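Over in Swiss-Prot, the protein carries these features:
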BINDING   G190, A191, F192, G193, C194, G195, K196, T197  ATP binding site
Amino acid sequence: ARATIQVYEETAGLMVNDPVLRTRKPLSVELGPGILGNIFDGIQRPLKTIAIKSGDVYIPRGVSVPALDKDVLWEFQPTKLGVGDVITGGDLYATVFENTLMQHHVALPPGSMGKISYIAPAGQYNLQDTVLELEFQGIKKKFTMLQTWPVRSPRPVASKLAADTPLLTGQRVLDALFPSVLGGTCAIPGAFGCGKTVISQALSKYSNSEAVVYVGCGERGNEMAEVLMDFPQLTMTLPDGREESVMKRTTLVANTSNMPVAAREASIYTGITIAEYFRDMGYNVSMMADSTSRWAEALREISGRLAEMPADSGYPAYLAARLASFYERAGKVKCLGSPDRNGSVTIVGAVSPPGGDFSDPVTSATLSIVQVFWGLDKKLAQRKHFPSVNWLISYSKYSKALESFYEKFDPDFIDIRTKAREVLQREDDLNEIVQLVGKDALAESDKITLETAKLLREDYLAQNAFTPYDKFCPFYKSVWMMRNIIHFNTLANQAVERAAGTDGHKITYSVIKHRLGDLFYRLVSQKFEDPAEGEEALVGKFKKLYDDLTTGFRNLEDEAR
């Protein structure tokens, strides 16, 4: 029997007849306390530790460092389980204080079971200390807080559940028009310079997930360096008002384009396995893969080395199957073991098709799998409209699943969103006419539609990720901003129609613009309201604007009669 082995590093030291030993297990990762706040490469080597040990900016050849530090002491707190209790795989038997943001639950590895013959008392232990001993059919087995898991096999769950909670990202265009769910699959395809990485980073910083795994897979080294510089300085505000570092809930898997191809192919699996580990504790985890195109290119390169038959564009024939097997590890699940708990993994994959061509094999295979498509547009990016999500081609198949959430949050929201979509679609239809005959030849209602669409485009969908007031937009602010813009559209159309049927002065779009300029300015300025002032203050301001719009138009109609 022959085995083909791709060597991970320089092969200069090897020669014929050198012995090759099997590790007797597939590529596995170490899972335990200490993962959060760490940065690994594609095969889970800790890059910080390597940098300190080697004192070099590059990873030296042949360096081998354990993924998790085995000597750090962790505060171990067992649950109510005691000696003589029976426990099975997935049961949580202790908690470990990981950091002020995350409580780390220690579970029995899947596939193990038995009667507890020893459980460590509360205290400080490292990852080599035995904290649990089980007896099953007369055989005793010891467990530490550390477990290993092969990256290519999904971790088992009790059952899959239907997702019904939205993934709130803080980006208005995504939350309002194309929402995803906790446990969803999203794709962000876009050409270079469209802002894929900024959207991925915004998701990592501000989304309502409890843990984030960010996989930089084959992207430029300076992008990962930027993430490494930014994330430790970023803070998130907790419901009780505390400021905590985003790094405390984040794990980075950095695999830049100058690292070996084999690790690039493995890095996505490493990331998803770490995400599943936190999901099994009952957390909602989101995983960003930036970018799956580079991962597919690594597959293509390895497939070429193995002399497999190439398919479309040189990619292997099993590309779609590999992508599907990765994306299907997302989802909301009922976790194994007791206590009863639900967790979820949301996957957001950035795709960078060459030249922004969406018919590329990786993009088309991804779009047939994922449920949410946030399509980035080069033209919008060139107009400096960010996030450059094209609202005409993007879609979300989760709108139906989230209806019950929206009904509870705000019963009017679904109608408002439908109207906003209609306005944006109508604007696209009118643009051709405007280019032929100019704006003045349009009907008054069409002029109002164009103005509303401009408000939606420039002051609602566009969002500046580098300002304190707009870097994160809470959902209540998104809803109220959209409500006021659509309210303006409805009132303006009503005013024009009513005045047309009377003998008084006609109300035209230019009259509205001239007479209600101050209200118009306030509509444009809604985005400058800072969420730091608190929900009550902001909703009060938005309600006042809503009432002022109603009053302003009523007065205008009275004068026209």
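Cβ from N, Cα, C; glycine included.
Positions of the features from Swiss-Prot, shown on the structure.
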residue: G190; record: ATP binding site; CB count, 10 Å: 30
residue: A191; record: ATP binding site; CB count, 10 Å: 18
residue: F192; record: ATP binding site; CB count, 10 Å: 11
residue: G193; record: ATP binding site; CB count, 10 Å: 12
residue: C194; record: ATP binding site; CB count, 10 Å: 27
residue: G195; record: ATP binding site; CB count, 10 Å: 20
residue: K196; record: ATP binding site; CB count, 10 Å: 25
residue: T197; record: ATP binding site; CB count, 10 Å: 22
Centre the Cβ atoms of G190, A191, F192, G193, C194, G195, K196, T197, go out 8 Å, and tell me which other residues of that chain have a Cβ in range of the ATP site.
S352, L376, A381, S388
Which three-state DSSP class does A191 (ATP binding site) fall into?
coil
DSSP on T197 (ATP binding site), three-state: which is it?
helix
